[in-house]
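**Q** Before we start, here is the structure in question, set down as structure tokens.
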Amino acid sequence: MKKKISIKKILSWLLGSKSLPFQYTHHFVLLVCAAVYTFSVCFNIALGVSDDFNIYLQMGLVPAIIWIWYQSRWKGNFHKMAIIFAYFLSLVSIPTNWLGNGGSSGPTYLMGMASLIYLSILLRDISLYRRLGQALIVLIPIPLVYIEYLYPELIFSYPDDTLRQIDLTVSFILIGFIVIIIMENYFKRFQLEREKAEYLTEQLRFLSEQDPLTSLYNRRGLDRYFEEKANSHALFSMVILDLDNFKHLNDQRGHSYGDEVLCSLSGVLKDRAIKDKGIAVRLGGEEFVLLLPLNAEDAVESTKKVVAAFSREKLAHGFVTFSAGVAQAEPEESQESLLKRADALLYKAKKSGRACILM
Ligand SMILES: Nc1nc2c(ncn2[C@@H]2O[C@H](COP(=O)(O)OP(=O)(O)OP(=O)(O)O)[C@@H](O)[C@H]2O)c(=O)[nH]1
């Protein structure tokens, strides 16, 4: 466990935070490049598959790459260093590798392809530099092939075919490994951003469907839920509830006490909706809706349970009643029609003395 933590610490010291995958990958590629150049120098000296000029140049490039890493990782110059490194790849690394490492028969094309992928991702939001860098990498083999054709003596040739095959194979494995890391991190970043967008969309929808005072669904939430229920052709009923003489209560006890009563009833409605696998909605003011996957009779029973639970709520100025209308949805019935029917029953309940449930 201790070892794991210390490796994590070393990686984060070298590469930065994983939550910044572009910086993280960039630092990783820089350090791997420095290591690959060091390895190349040893490999080329040992096997003699490169000329002295290329070997000295590669030796000199190691501290240059470390400097770029240092500036990017510790001096906050990520963007500037990304541009320098991308252009260093196309203008220095590819031509020198071409001259010193077998020309068109060496691994430079592989290097060019990896550089193209890396530059396209690294400079993704710096359009001008990206396009210019891409054009340079794509076009740079043209003069190099030309030089190779006109002055073949300038190109270091492999002493034999076996060494060429070894060099190409080792280069392919190293470059393939770097490309995998780049792509993996790119997709990780893409996935992180997609997850973030999905989360924010969900949050936004949640907030847009929520009543701020009671945290119940609002009319928008009811619309969505109704559509889902109607499309599933499942049986459901609508209960419209309205607190009785709420204006009077507000006038007598004050608006904030009125809010307390609204919140208290909302809590009871929410619990009931959860138990019955439906939803509780605040339509507006002191009017609420329960949409329950029940027939009308069961919805009435459920509403009676709301009356009982609400009567047990400890309200400072005593029990408050409500009236309700219950209507079961007909097949293919629209929301407006169902609301109208339930509302008519509520109106009737109010007219017949309040504090009752009609269906
Ligand atoms: N405290 C509080 N009051 C609200 C809110 N929204 C609406 N109201 C009040 O609710 C009252 C509704 O009054 P009415 O529509 O006349 O209904 P009522 O007095 O309940 O009468 P009946 O429905 O016939 O029993 C009004 O006084 C509104 O100001 C709110 O968010 N908080």
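Note that Cβ sites are derived from N, Cα and C of the backbone, with glycine treated the same way.
Feature table excerpt (TrEMBL):
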type: DOMAIN; residues: 234-359; note: domain 'GGDEF'
type: TRANSMEM; residues: 28-47; note: transmembrane segment
type: TRANSMEM; residues: 53-70; note: transmembrane segment
type: TRANSMEM; residues: 82-100; note: transmembrane segment
type: TRANSMEM; residues: 106-123; note: transmembrane segment
type: TRANSMEM; residues: 135-156; note: transmembrane segment
type: TRANSMEM; residues: 168-187; note: transmembrane segment
**Q** Provide the three-state DSSP residue tally for the domain 'GGDEF' (234-359): helix first, then strand, then coil.
**A** 63 helix, 28 strand, 35 coil
**Q** Mind looking up the mean pLDDT for the domain 'GGDEF' (234-359) in the predicted model?
**A** 95
**Q** Residues sitting near the transmembrane segment (106-123): Cβ under 8 Å, six or more positions beyond its termini, same chain?
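**A** Result: 22, 26, 29, 82-83, 85-86, 89-90, 93-94, 97-98, 129-130, 133-134, 137-138, 140-141, 144, 158, 164, 167-168, 171-172, 175, 178-179, 182-183, 186.
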**Q** Residue list, the transmembrane segment (135-156) vs rest of chain: Cβ under 8 Å, 6 or more residues beyond ends.
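**A** Same-chain contacts beyond the ends: 50-51, 54, 87, 89-91, 94-95, 98-104, 108-109, 112, 115-116, 119.
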